[in-house]
Every structure is written in C-alpha cells, then in structure tokens.
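Enquirer: Sharing a structure here in structure tokens format.
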Amino acid sequence: MGILEKISEIEKEIARTQKNKATEYHLGLLKAKLAKYRAQLLEPSKSASSKGEGFDVMKSGDARVALIGFPSVGKSTFLSLMTSTASEAASYEFTTLTCIPGVIEYKGANIQLLDLPGIIEGAAQGKGRGRQVIAVARTADVVIMMLDATKGEVQRSLLEKELESVGIRLNKHKPNIYFKPKKGGGISFNSTVTLTQCSEKLVQLILHEYKIFNAEVLFREDCSPDEFIDVIVGNRVYMPCLYVYNKIDQISMEEVDRLARKPNSVVISCGMKLNLDYLLEMLWEYLALTCIYTKKRGPAELGLEVTHGLRLPAERPDFSDAIILRKGASVEHVCHRIHRSLASQFKYALVWGTSTKYSPQRVGLTHTMEHEDVIQIVKK
Ligand SMILES: Nc1nc2c(ncn2[C@@H]2O[C@H](COP(=O)(O)OP(=O)(O)OP(=O)(O)O)[C@@H](O)[C@H]2O)c(=O)[nH]1
Ligand SMILES: [K+]
Ligand SMILES: [Mg+2]
C-alpha cells in the first residue's frame, strides 16, 4: 500500500470512529500515525523535476507576504494594483505559472509581495504546482489567503486543510509544551495546568508511536493531542494569515457585511479599488513591524554651541530612513541593525516616543522599542 492510500485509510478510520472517552487513545494513536505518513510524503524527493522552476525568488525587503488562493480569485490583479510590478491577469484559470515578486512600500518599509499560481484541492500531494506554492508560503511572514467572495466558504476550508496537512498552522501560536528527548530515564510527564484533552497515558502512547521512550514533557497549557504531535514533529510553521475576500463588487451589501465580520478577514474589490487602504493597515498589523528613526547628536548636544549666545539647532531625526524591526525589538536589536559592533560600544541611548515615560528618556540595551520611536545612541 502506498503512503497516500495509508493516509486515506487512516483518515477514513478517524472519520468513522466516534469521539469519546473509550476511543480517545485509539484516536490519538491514529493521529500520530497520520502525521508520520504526511511527513514522509513531504520529504523532498531526490529527482530534480520536483524542484520548482521560477519559484526561487530571493527574499528582499523587510518582510515577505505570499498570496495563496484558488485560480482566478484575483491574486495577480491585486499584485499589479499594489506594486509597480505587472503580473498578467486573465479570466481563465492558471494564468500565473511561477512566483512573481513585487514590492509594497508602506510606512517606510519594503514589503515583498509574492504572486503565485492558483492552488487547488490536493495541492499538498503535488496537484498542479501545489507543492512549490506551499513551499514558498512556508517562507513568508504572513499569508494572504485570497478568496472569491462570490464563491462559497468551501474554498477557504479546502485551502486551510491543504496548508494544515503540510504543517502550516494559521493564526495559531506554538503550543506551550516543553519537550526534550533524553538518552535514558523513561518518560517524565508533568503539567502546570489541568489537562482536559491529554493524559500521561496518551502522551506515552503517542511518544511510543514515534519510537521515543525517554523524554521530558511539561505541558504549560491545556493542549490537544494534535498540538502535542506538532511539538514532537517539530517542523511546524506558525503563520499569521489574513483572509481577503475579493470581488465584493459582485455580491450584496448584506453578504459583504457578513464576510467583513469574520475573524482575520478583510473584504475588498480589486476591480473597483475598494477597501485596499484598510487591507494595508491590517497587513501591517499582522506583519507586526516597528519603524524606528535614528537621530544623530547635534552640535548643541555635543556642547559645541554658545558662540555669541547663539543656539545651534540639535540634529533632526532622519524620518526618510527608518529601521524596520519586529514588534517587541529592543535597543540591542537597533544597535545590531546599525552596526555589528555597536552594542559592545554602547553606553546609553536617548529615546523619544511612546515607549518611554519621558521624552527623551535614557535607556539601556534591553529597553523595548515602539513604532515610530526616535533613538539616539551614545557610545562609550
Ligand atoms: N468583478 C471583479 N473581477 C475581478 C476583481 N479582481 C479581479 N477580477 C477578475 O478576475 C479574473 C482573474 O483575475 P487574476 O488576477 O488573473 O486571478 P489570479 O488569482 O491571479 O488567477 P490565476 O493566476 O489563474 O490563479 C480577471 O478576469 C480579473 O479581471 C474584482 O475585484 N472584481
Ligand atoms: K486567472
Ligand atoms: Mg495569477
């Protein structure tokens, strides 16, 4: 039996097994098996033909966004609208056959936007150019799942399933489980919270399925067996995903309203250029980027003024050249971005902005920066 058949057998068995206390272990085991076979399926094949020609686009800019969706939902139209790159759009399916990069300039950041071929059900198993598309999606910071507002919700759940099956977890955080395989000592199991979905016995069963007999496991969260399997397997990608419903010019106001209220969703029309600004705002939030401006010490601050009582103006921050960092970045991150050795010469920094109580405020390397803060670094 091939792997695909094994997978479908297990999926069928899971579907027909009633979920209750008595079947809990059996189901957990089936899920562990399923994850194992899927992993085998995804192992890169040795043949060169599976390599995607035209898919190896260099990462550039401050962040990468991948456009994923069924054929003809408007991905290429969107790229051509938001960037200076033109990507062919047409009314027939599979117009786009490779990965086409463009750049969105927003709030001083360069966001790389990747247009990709449409994907269909079975993409994860290699249908169409599904595997290459999904491989690119894994490298993104945010996925935009573009949907045709005139089509039903089934497209969305099909795509979610495809991405899920290759270890991409959308809008989920990494399960808070400490897991460390050991050389001996058996399995030590602990939890800091009450567990309602996993037990020590189930955890052991799952670990045995992966031939792990010695390990330390600590649940810090009430996780499900699937989440525990994700931790064991390890190569999961936790990806923010924005669901974008395009072509709202074709549906009723009531329907637009209903879609717009869904979590993680934005409604747009590329054709009529509706709501694109709001989409950018949402995208910015999902990318969780922070712009920091630097300011040199002016002559006044260096004590060079006082000629004829004339105050020389302090140097102005350079607002044209922001340093783009991840949300939560510290002063140390800023230093590293400016120069490799700056952190080691660091004495203190002055920060103006929302991250400090006073403007400016003297801060150390561990201070957390916020969006649009201005910083001046003083060296030893
Ligand atoms: N009514 C309407 N049509 C749109 C909108 N956006 C795109 N289209 C049309 O939808 C069709 C498909 O657009 P594409 O941009 O080629 O779609 P795609 O997702 O890139 O398609 P593939 O590359 O084939 O996967 C084109 O005929 C577009 O003109 C929109 O907002 N409203
Ligand atoms: K198309
Ligand atoms: Mg296209």
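Glycine too: its Cβ is placed from the backbone N, Cα and C atoms.
According to TrEMBL, the protein has these features:
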{"type": "DOMAIN", "residues": "63-288", "note": "domain 'OBG-type G'"}
{"type": "DOMAIN", "residues": "288-379", "note": "domain 'TGS'"}
Enquirer: In the domain 'TGS' (288-379), how many residues does DSSP assign to helix, to strand and to coil?
Expert: 12 helix, 31 strand, 49 coil
Enquirer: When the pLDDT values for the domain 'OBG-type G' (63-288) are averaged, what is the result?
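Expert: Over the domain 'OBG-type G' (63-288), the predicted model scores a mean pLDDT of 93.
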